[in-house]
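Colleague: One structure, pasted below without further comment.
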Amino acid sequence: MSPLECSECFGDQLLHRTYTWQLTLHSRPNYTRKRDTRSESLEIPISVVLPQRGTAEPFPRLHNLYSTPRCAQQAALPRLSRRMASQHSYPLNRFSSVPLDPMERPMSQADLELDYNPPRVQLSDEMFVFQDGRWVNENCRLQSPYFSPSASFHHKLHHKRLAKECMLQEENKSLREENKALREENRMLSKENKILQVFWEEHKASLGREESRAPSPLLHKDSASLEVVKKDHVALQVPRGKEDSTLQLLREENRALQQLLEQKQAYWAQAEDTAAPAEESKPAPSPHEEPCSPGLLQDQGSGLSSRFEEPKGPPARQEDSKELRALRKMVSNMSGPSGEEEAKVGPGLPDGCQPLQLLREMRQALQALLKENRLLQEENRTLQVLRAEHRGFQEENKALWENNKLKLQQKLVIDTVTEVTARMEMLIEELYAFMPARSQDPKKPSRV
C-alpha cells in the first residue's frame, strides 16, 4: 500500500492528503458447475482523504470512487470492473468501519463523516458485502456497532413508512366515505321521521276533530251568554297567591270550552251549508203522487226539515225558549254569585273555595253539553237513516205511480176497442137488414 497525495481534489487545499489502499480478493474455482474451473480475483481500491493538523475541517472525507475524476492522479487510480459495480444508485453511505490507526479506538459515525458505499460481489446467485474487513452474505450479515445502516436499509424503511402512510390514508379515505354515506342515510332517515311525525300529528288532529265534532244548537244560538262567561273567567284569572293553581285550572277549562264552541259552530255551519243545496235539489212532488201516497211523503219531509232548518211553529219555539232560559239561569248561577262575593270579600280571598265551586259547575255544564252532544249525534244518525228510507219510499212511490198510469192507459185502450167492436157489429146488422134475403139462413160475416 502506497499513499498518494492529491492536492487538486478539494479546491486547491494543500493541507489535505489522500491515501489509497488496494485490496485483492482471490476465490476458489466452483466445481459444482460443469466446465467451470476458473478462479476469480477482485481488486478493490479504497481512497481516503485525511486533513493534517491545524486545518479548518476537523473530519476526513472519502472520494467518490465511481464519479468522474477531478485530477490526473485520481484518473490514474484503478477502477472497479463491471462485476464490482455498485448495485444501488443511491448516494453513498457513511462509513466508519476500518480504523485509521490500530492503536486508537475506532471513531463512531458521528465523529467521522465519511461517505462510503460498501462493495458488493455476486457469486453463484448470492450477493456478498464487504463489512468489518471480511465478506459477508448480504442476507445473513449483522450490523456492526461501527457500521451505519446501508442506503438500501434506509430506503426500505422509507418505503415501508410510505406504504404504511398510504395504507392509512386509504383507510382514512374509505372511512370518510363510509361516514359520509352514513351521514346522508341519517339525514334521509331524519327527514322521513319528520314527515311521519307531521302525518301522525295531522292524523291525531283529524281524529280529535271527528271526536269533538258535535251539533249543539244551544251553543250556536246563545254565544253571547258564553262570551259573558268567558269575560267573567278572564276577570277571575288574576294571580292571587294561593289561587294560582285553581286559576290555572280555570284557564285550561276556558280554553277547552272555547275549542269546543268553535268546533261546534264550524260543524253546524257545515251542516247548514250541506242541507241548503239538498233541499234545493229535492224534486217537486208530481200531482199524480198524491192519490197513491198522500200522507207518507209529506210527514217524512216535514220531520226531516224540522231538524235542519230553523224551528217553525209555536211548540218548537216554546221548547227552545225553555232551553235558553235554563242555560241562562245556569250561567247566571255560575257568574253572578262569584261577582257578588268578590265585591264583598275583596281582592284577597282566604282560601280558593269560590273558584273551585265555579270550576265544578263548569264541569257539570260541560258534562251536560257532552251528553247532549252524544244524543244529537245519535239523532243525526237516525235522521240520516230516515233520509235514506225516505229516498227509497220516493222511488217506490214513483214506480207505483208509473204503474198506475200504465194501467189506466191500458184500461182506456181496452174500453175504446170494445166500443169500436160494438159499433161495427151494429153496422153489420144494419147492412144485412137492407140487403134482399137470398136465403133463409144467411151467414153472418166474421168480425173484423
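In case you wondered, yes, glycine gets a Cβ from its N, Cα and C as well.
Model, not experiment: these values are computed from the prediction.
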Colleague: For which of the residue intervals 24-58, 164-198, 199-233 does Swiss-Prot record coiled coil?
Modeller: 164-198
Colleague: Of the residue ranges 112-137, 138-163, 242-267, which one carries the coiled coil annotation in Swiss-Prot?
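Modeller: Going through 112-137, 138-163, 242-267 one by one, Swiss-Prot gives coiled coil for 242-267.
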Colleague: Out of Ser124, Ser212, which of these modified residues shows the lowest number of other CB atoms within 10 Å of its CB?
Modeller: Ser124
Colleague: Excluding the flanking five residues on each side, which residues at least 6 beyond the ends of the coiled coil (164-198) place their CB within less than 8 Å of a CB in that stretch?
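Modeller: That would be none at all.
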Colleague: For Ser212 (phosphoserine) and Ser124 (phosphoserine), what Cα-Cα distance in Å is obtained after rounding to a whole number?
Modeller: 102
Colleague: Look up Ser124 (phosphoserine) in the DSSP assignment and report helix, strand or coil.
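Modeller: Going by the DSSP assignment, Ser124 (phosphoserine) belongs to neither helix nor strand, so it counts as coil.
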